[in-house]
Amino acid sequence: MVLKIFFPQCCNRADSGLLVGRWISGHDSAVVLAVIHYPFIPGQVKQYVQQMQAQSGVELSVLGSWSLPKEGQEGMESFLRDLSTIFPQERWLQIRRQMGKTGFTCEVLSRDQNAVAAQRRVKKQKKEEEEDGDAEEKEEDEEKVIFVHYEQRKVMLSQLHPIDSGDAKTDPPSELRQVFQTVALSQPLFFLDKYDDGPLKSTHWQSEGREASIIVELLKQASVPLCLLLSWMLSVWTWICSVRIFNFYPLRFLSSKLSTCVQLSYRTEHMKTLSSPKPAAGHTQFMRKANMLVSVLVDVALGVLLMSWLYRDDHITMLANTLVPAADHVAKELDQLLQWLMGAPAGLKMNRALDQVLGRFFLYHIHLWISYIHLMSPFIEGILWYGGLSACLGLSFALSLLSDMVALFTFHIYCFYVYGARLYCLKIYGLSSLWRLFRGKKWNVLRQRVDSCSYDLDQLFIGTLLFTVLLFLLPTTALYYLVFTLLRLVVVLFQGVLHLSVDFINSFPLFAVGLRVCRSYRLAEGVKFRVLCDEPGVALHLLMEINPLKVSTVVQTYRTPTYSCYPRDSWLALVKKLFVGELIYPWRHKTTKAD
Amino acid sequence: MMEDETFTDISGKTISLDCQSHSSFCREFTVSSPKVSIGKVMVYTCSVWLLAYAVFFITQNTAVLSSAILITLVGMMFHIHFVKVDHESLLIIGSLGIQVSSSYASGREITTFIEMSKIKDIVINEAIYMHQIIYYLCVLLKDPSEPNAVSSVVPLFQSSKPRLNCLVKVYKSCQEILSKSQ
């Protein structure tokens, strides 16, 4: 079997000493974490290793010896060889390197055989392999070694995807996952740097001095009072929201329909998660919190940008001044549309009486709506001004407020649509039922099927009359229904675009994408190997690099779940509903249970 | 051991296979496709620009010319970065795993590493594609729940599509290493 030794790149030039690391059971491999230098006292080394094992939870042990002889250190090798008796292990690795040569040599001593007979050389002679068949047989049962060089800091910080959920699975984690976990958990081992005055000196990625960033430390100190303040403010806000007066039915129903209120409650949930004083447990939690924080900050920044544009140069007055004429224009267009329908639209001949009734009914509604707009016109500027203030909470709030305002201002179109749809729906049901009567059949409610039925003569007579009447009135109603459904769909589309952009702001994982772009080794999909220049007669050396995750996978994995609105029906079901005249509410919110 | 015989792919274009043996249990195979020929590039560019000049002659709108230049440039960049594969390589390391990588003409490399514990075997499969029967080399992956079932198949050398003689060579070499490590 081939023995794999994962060797950190930072220890390539370390002074001679002992190797500390972990044997990975079941895979015949070892991870070297640090090198403890000579001179040392073996008892202190044992104590240190046990202390580190208790702190980190990783099964650390002394793997073997490392020798890089410098001038004046001749007796090192025999000393290091004798150490295998002091640290009893299953296998004792003796890795040697000469300055100037790139390859390592490794000897493996096994506990049950004695030292002299068990020294199996692991020199790789390429020429011997190819030409000498006998030499191959001799090396058949010798142990082969692969050195896999890894960059310790990157492997420590990286997270392999797909993320292990943590619960006990049926199969043990793979070899690479165990290597990554070992390095990540051995953080206490990397705290001992060369400026410590302790009895032991070791080499690892942080041995030149512990790394820390002043900004990160300051933020950590500042975050505690900030979190307390935030959680206090949130508790006050939740208390206000849960006051009894707000729980009455109409207000409750309204607040579940208005997208601003939904967005408000959603963001409150986020802030509650962010303001909890406990640090994040695990990688997923940390990424979620970071994504939420970055998304809130970007949202607020964009909102403030929007505000600075809006409140400058009297843009609000300009907007308010164009709003009322725009509403007038829309009302005039609708007027013209209805006059056209009341005449002979597209050359179709309408039933005059019904046409006039429906047309006058809708015209009166438009008249009401226009008077309402004119009533509100002095207040519009004030409304816009105060509404624009909501943008300081975030761009998503401004957008949801806009969507709500659009819904309010086009309420008459919604009403027209409902009237037209109900009328049309009634007509269609009546027609279908009377058509069955025309053919002598009946709908059996008990059996949910169509049965034949014998009607009386007067029933047939009246039924046929009504059927004819309804049939000839159908084009008029259908036309009105068509026009108002199209208008309603336009409004729904516009609202849908606004909702989708709010959803995008809420759910896009900006922090994860930024991490993937700037520190791509943190999110790893796998590893890449590269063969380092190998010399004949030396074991195989590979370089292990981190293969970063694809951007699309990053977005998919780290999307924040939202109350996203998505189409409720498929296209076919939607068309069918439109044809029959059922009221359509194309966007469904995940939280609302009532259909 | 370096080898460079002439093999062809399934459509008849010449490809080259390069086998490198880093040690007794580590081998690397690289299949290189033919490079982008300058003649083809010139033919495409000239035809696009002639068409653009003809349209310009009719409409007298200079936007046609600039858009033709833009389209040609963007198309070429897209082709060498996303479409044209320069060489594909397979690195097999006994008892560690198999690494499959394909590098494009612009230098972009896509690498995947499959661990030895997930690999069941490497086989040559047949596929019927319209009127042809083509052979392809693929890696069979184990199903974690059932040790004898194959959960998925990873085809190798998909862009270069070498013929059977090339595949047999790679197959024999890989089986020597796989048999020792499993």
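The backbone N, Cα and C atoms fix where each Cβ goes, and this holds for glycine too.
Database features, via TrEMBL:
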COMPBIAS  A:129-141  compositional bias 'Acidic residues'
REGION    A:120-141  region 'Disordered'
TRANSMEM  A:229-249  transmembrane segment
TRANSMEM  A:292-311  transmembrane segment
TRANSMEM  A:357-376  transmembrane segment
TRANSMEM  A:383-410  transmembrane segment
TRANSMEM  A:416-438  transmembrane segment
TRANSMEM  A:459-483  transmembrane segment
TRANSMEM  A:489-513  transmembrane segment
For the transmembrane segment (A:489-513), the distant same-chain contacts (Cβ-Cβ under 8 Å, at least six residues beyond its ends) come to 259, 263, 266, 287, 290-291, 293-295, 298-299, 302, 394-396, 399-400, 402-403, 406-407, 410, 413-414, 523, 551, 554-555, 557-562, 564-565, 586-587
Among the recorded stretches A:229-249, A:383-410, A:459-483, which has the greatest number of Cβ pairs closer than 8 Å to the transmembrane segment (A:357-376)? A:459-483
Which residues of the same chain, at least 6 past either end of the transmembrane segment (A:229-249), have a Cβ under 8 Å from a Cβ in it? 255, 268, 271-272, 274-277
